[in-house]
Amino acid sequence: MKLQRKNRLRALSLGAVAVSGALALTACGSDDTGTKTGNGSSSSAAAGSIKCDGAKGQLLADGSSAQKNAIDAWVKNFSQSCGVQINYKGAGSGAGVTSFNQGQIAFAGSDSALKPEEVVASKKVCKGGQGIDLPMVGGPIALGYNVPGVDNLVLDAPTLAKIFDSKIQKWNDPAIKKLNPSAKLPDLKIQPFHRSEDSGTTDNFTKYLIATTPDNWKYEGGKAWQAKGGQAASGSSGVAQGVKQNQGAIGYFELSYAKDMTTVAIATGAKTPVKPSTDSATADIAAAKVVGTGKDLALKLDYNTKAEGAYPITLVTYEIVCDKGNKPETLPATKAFLTYLASEDGQKVLSQNDYAPIPEEIIAKVRTTVASLS
Amino acid sequence: MDISTTTDVPPSAPRPDAGERRTARGVTRPGDRIFLALSRGSGILLLVVMAAIAVFLTYRACLAISADDGNFLTTFEWNTNTDPPVFGIAVLAFGTVVSSVVAMALALPIAVAIALFLTHYAPRRLSGPIAYVIDLLAAVPSIVYGLWGALILVPHMQGLYGWLDQFLGWTGIFAWNGGAPRAMLTVGILLAIMILPIITNVSREVFRQVPRMHEEAALALGATRWEVVRMAVLPFGRSGVISAAMLGLGRALGETMAVATVLSPSYDIQASLLDPGGGTFAQNIASKFGEASVQGRDALIASGLVLFVITLLVNGAARAIIARRKEYSGANA
């Protein structure tokens, strides 16, 4: 009996500790929720002009994780106004296109346009039509670095390629000094961070290196990192974390991860080196050419741009839908959602979330294409 | 244990009333039959499921290996999205074994020491709470260990790495090039913390079962406390400690998220424990699964099968050791 009573006492005290712990935790949490509701109200103010057009039910979508935050913000506004439940599962561009071509989802998000064989495969799902790319989200890929005492680092493409290929190993290398004559560069080992898993961000960053400085970056490119050396970390958050923790580190990630970090300005050949920002990325996309045929609006970005204020390392995320032959039960909701994304209010949501809006000329084409979906 | 079994009434002693026994044997009630069918069914179902999984995995793995353009065992590369794919498990096998061995080397002595302290040294009032805290370690999810490792352990490893490089750098195993300490040693330390509770708990139970008579006999011969531990407790518990270690090793071999968050993976083998690079099977599967094509998934399944074989070998070796020790230690492992 005595033993049992002891146990009960112990259980009681444990319970008390758990309850008080939970209370203490909720106390710390209340600050955050305050700021969050602030954000929510500002973005729902922008949700005024959503046209539902008989959209109802549930939409399934999947794809690029780079645009996940943007989609989440849109989904929140859209489902508040229209009551449509949208489930976007940012499993990666490859997974998104695969599920789209198996007819499992209403639209996919992808960091790269459909490949010819993927377009062929999409014809099975899109009865009488095919999958098309609609550029909807832009985003600069920032290069964050951690070098004490250096605030305005400028690099160009060949230097970047050599740093990430472990050819330049110290921050006081002559090549970096030449680009930063006034900076006090320390004798510090450079630790380039890349993504450990396959990623569209890696793909777009290496595409930039291949396009601008093929002599210094002799790899094929693609979603998997190919250069040897350096540090690998999982996810953009892991890379950003690694850069923050380690002196001498440099890494690439979406702009939203670079908030409390110094970022590299790229010497593009323009008069002043360009820092990553939503505006400078939009300026870069404005110079892109539409290379898609028919209703497809796939873009070809100009990585060698020398335009003032255009940040060259930019990625565009496409929403992929059928131009004809979308499933009748999801068509109204898909159309209404994409119309909202391409609308002025929809694009405004992007810059609030550290993404770059698509420039007016291109988004106007997206709007007409979305209106013609069937 | 010997003493307790001799004092027990043997269960097989013949009952006095033979007639009662015959009825108990001869009549089978519906409940018996249902229970028999259920339990036999469960057993068969388990076998069928296992066989189905094995056939599926082997089939997919064979597809991947036959498409592999490199050597599956020796290639230092993992490019499964190219055509033809090129991949090999050499780096993964090496990293898996090395990180587990480091974890084992760190965790085993500490765990055995904790277990001895709890059973033979600590006052009762203290041993309860300590055992409870160790149990809590086992309840922490591995991703939390991973986050803790990446955010707190890694930045605090710089000092240790510098020290090891300075004094043991000449061995080559502890040479450090100054990169962020996201290397096999950090992974090993993290894994050691994760497997510590398993080894401690099992060892504690084993040490607790050491016959009181053995210890008292040693004391009566004039042994000190340490000598009692050495002569009576450790030999008795040896096979139990080995199986505890194998349980821990099993977790270390298969650990996924903690390794994936802490290690800086690459497809080459680092001679030094302190240089970032390498990888483990589970970490590689977690990192590569998201964007893997059908081919890529098959390749990952093939690597998973190799991990399965390694685990089988390790467990087999442990069983062999235990079986050999059993003869003269008298332990019930």
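Just so you know, glycine gets a Cβ as well, placed from its N, Cα and C.
Here is what TrEMBL records for this protein:
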- A:1-24: signal peptide (SIGNAL)
- A:55-344: domain 'PBP' (DOMAIN)
- A:SER64, A:SER65, A:ALA66, A:SER93, A:ASP111, A:SER199, A:GLY200, A:THR201: phosphate binding site (BINDING)
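Structural mapping of features recorded in TrEMBL.
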residue  : record                 : Cβ contacts under 8 Å, 6 or more apart
A:SER64  : phosphate binding site : A:GLY90, A:GLY92, A:SER93, A:GLY96, A:GLY109, A:SER110, A:ASP111, A:GLY200, A:THR317
A:SER65  : phosphate binding site : A:GLY90, A:ALA91, A:GLY92, A:GLY200
A:ALA66  : phosphate binding site : A:ASP111, A:VAL137, A:GLY139, A:GLY200, A:THR201, A:GLU254, A:LEU315, A:THR317
A:SER199 : phosphate binding site : A:GLY92, A:LYS223, A:SER236
Other same-chain residues whose Cβ falls within 8 Å of the Cβ centroid of A:SER64, A:SER65, A:ALA66, A:SER93, A:ASP111, A:SER199, A:GLY200, A:THR201, the recorded phosphate site, in sequence order: A:GLN67, A:GLY92, A:SER110, A:ASP203, A:ASN204, A:LEU315, A:THR317
Filtered A:SER64, A:ALA66, A:ASP111, A:THR201 - binding-site residues with C-beta under 8 A from chain B: none
Max CA-CA distance, Å, over listed phosphate-binding residues A:SER64, A:SER65, A:ALA66, A:SER93, A:ASP111, A:SER199, A:GLY200, A:THR201: 11
Cβ packing number for A:SER93 (phosphate binding site), 10 Å threshold: 28
PLDDT averaged over every residue in the domain 'PBP' (A:55-344): 90
All-chain count of other Cβ atoms within 10 Å of A:GLY200 (phosphate binding site): 24
C-beta crowding around A:ASP111 (phosphate binding site), within 10 angstroms: 26
Count of other CB atoms lying within 10 Å of the CB belonging to A:THR201 (phosphate binding site): 24
